[in-house]
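Have a look at the structure below, then the notes.
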Amino acid sequence: MFPVSSKTVFKVALRGDTLLTSPRWNKGTAFTKEERKAFGLTGSLPSRVNTIDEQCDRAYDQLRSNDSPIGKNSFLQSLKEQNWVLYYSLLSRHLTELTPIIYTPTEAEAIANYSHLFRRSEGLFLTFPDQDTTEKDFLEQTRGREIDLIVCTDAEAILGIGDQGVGGIGISTAKSAIYTLLAGINPSKALSVTLDVGTDNETLLNDRLYVGWPSRRIRGVEYDKFIDKFVQLVRKHQPHCLLHFEDFGVSNAQSLLELYRNEHSVFNDDIQGTGAVTLAALMAAVGVIKSQLADQRYIIFGAGSAGLGVAKQVRDAIMLTDGMSREEANKKFYLIDRFGLIKQSLGPGKIRPALQEFVRSDEEWVDVPTNDAGEVELLEVVKKVRPTVLIGCSTKGGAFTESVVRAMKEGCERPIIFPLSNPSRLVEVDPKDANDWTGGMALLATGSPFPPAKMPNGKDYVIAECNNALIYPGLGFGAMLSQSRRMTDGMIIAGAQRLAALSPALKDPDNALLPDFEDAPRANFEVAVAVAEQAFKEGIQGVSWSKEEARIKAKERQWTPVYGKYEYDEHGAK
């Protein structure tokens, strides 16, 4: 039963202070007079009964009394520990303002200071030296619970600030909160996990207040066995949940995804989420110019988890939607990292195994100028390739120079330029500059919010934000809804296609390529329906209802932050 309206009735077994300290069931001053008598609360609350609207107004006033983002983050964290309905109701009313407070960028600061801000633990901590109790610890938090979602991290690559040790629990809880806020995942059916395998962060290791395991990070065979033990526990005890990997290091992120994606419904937002939202923006862009993905030439500047994820996601979409072979599709991409263009002569020491499919032959570049290290740099690649799509995932601020952008414009009428690095100070090009240098012809999307750019005709061009939160909650919700045995490429592409179809630019080319963040709940709902429908097409669903019922079932399944009516029952929910 989900609290979809104020008329929903819940049988609850908690009473008195135990009820008031349960964030799942607490209503605070919103308990009715009848409920106060039934649950022994009359003397524990002031007389007046408040509505959720009044509670949100009070909470928002308290929030605004905090001057700093981290102060607001701490206030909201405290509110979540007290009352889930109030927390999510407040967030939903101020979505654009408060999401950056509970998620990126402010959550990064909270995570970096986790040990000093620590008040109350949230989530599940599985620590490497405590492996003898791993299953017991897992069952303590999940026994008797139907879990739809598990978000886990080993915290090696947190939000652009690197290894944060046990503080990584903050990204797991933040991601879970976004799933609830934007897709309606019931917070009681979500579990946040940090896999504490140590840390190589010297600041943390030397911090006397550090609350995690104060040891160097475990790697190699021992690490692999520990992660596998956790995954097998998930598969054994929660076989229908979605397992979301978050902020693992670049090498582990890709290998873990490949290792487990055919065994369980797993998802990596850094790889697949970034790839999916970028794919959606690209689909919208080629829709504006009335072209196809397969007709483009792609340069990906920055070949880490995000850049490689984008390349593979778009490559897979080309194969699926345009019928091109894998080998032919790979040739559409030119990847550049800190060693310049990924080409054969760089050798195995500079080319990660995951990049092998995209390595260019040296014969293609014999007449192209190189730097002193023999590397082919971005401008020379642009001049030779004449790309139609330029995507930045490098965190190298200003890398898309005026020379680069103008050279790209010479090769195509409407350049598609996506500087996706964030925060904004690390963006490869300010979209205003890219707009000016192309005479207003560029189709733009960024990884951080930017104001509109001015077109030559005086109109504003709205810059789309490739925010993963526009799609990953919907991708996950669709997998949970259908209880699919895997999260397939086809499901992710179906979600991206549905998001692209919502593009405002398809109706007005001067508008954004992606929906505004205020529309994220609606966008994620549509993505979820598309993903569930695709699971049925592929025959990997684990539910008995039909594909045609996906929209109805999705609406029924969504949790909403509304107080229901409570009746005391000693055998009820706790």
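In case you wondered, yes, glycine gets a Cβ from its N, Cα and C as well.
As recorded in TrEMBL:
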{"type": "DOMAIN", "residues": "80-261", "note": "domain 'Malic enzyme N-terminal'"}
{"type": "ACT_SITE", "residues": "Tyr103", "note": "active site, proton donor"}
{"type": "ACT_SITE", "residues": "Lys175", "note": "active site, proton acceptor"}
{"type": "BINDING", "residues": "Glu246, Asp247, Asp270", "note": "divalent metal cation binding site"}
{"type": "DOMAIN", "residues": "271-536", "note": "domain 'Malic enzyme NAD-binding'"}
{"type": "BINDING", "residues": "Asn422, Asn467", "note": "(S)-malate binding site"}
**Q.** Sequence-distant neighbours of Asp247 (divalent metal cation binding site) in its chain (C-beta under 8 A, six or more apart)
**A.** Thr153, Asp154, Ala155, Glu156, Ala157, Ile158, Leu159, Gly168, Ile171, Asp270
Q: Could you check the binding-site residues Asn422, Asn467 and say which one's CB has the fewest neighbouring CB atoms inside 10 Å?
A: Asn422
(Q) Same chain, not part of Glu246, Asp247, Asp270: whose C-beta falls within 8 angstroms of the C-beta centre of the divalent metal cation site? Give them in sequence order. (A) Thr153, Ala157, Ile158, Ile171, Lys175, Phe245, Phe248, Ala253, Asn268, Asp269
Q. Cβ-Cβ under 8 Å from the residue listed as 'active site, proton acceptor', same chain, 6 or more residues apart: which ones?
A. Tyr103, Val151, Ser192, His244, Glu246, Asp269
Q) So what's the mean pLDDT when you look at the domain 'Malic enzyme N-terminal' (80-261)? A) 96
Q: Please name the residue among the binding-site residues Glu246, Asp270 whose C-beta has the most neighbouring C-beta atoms within 10 angstroms.
A: Glu246
Q: Across all the protein chains here, work out how many other Cβ atoms are within 10 Å of the Cβ of Tyr103 (active site, proton donor).
A: 21
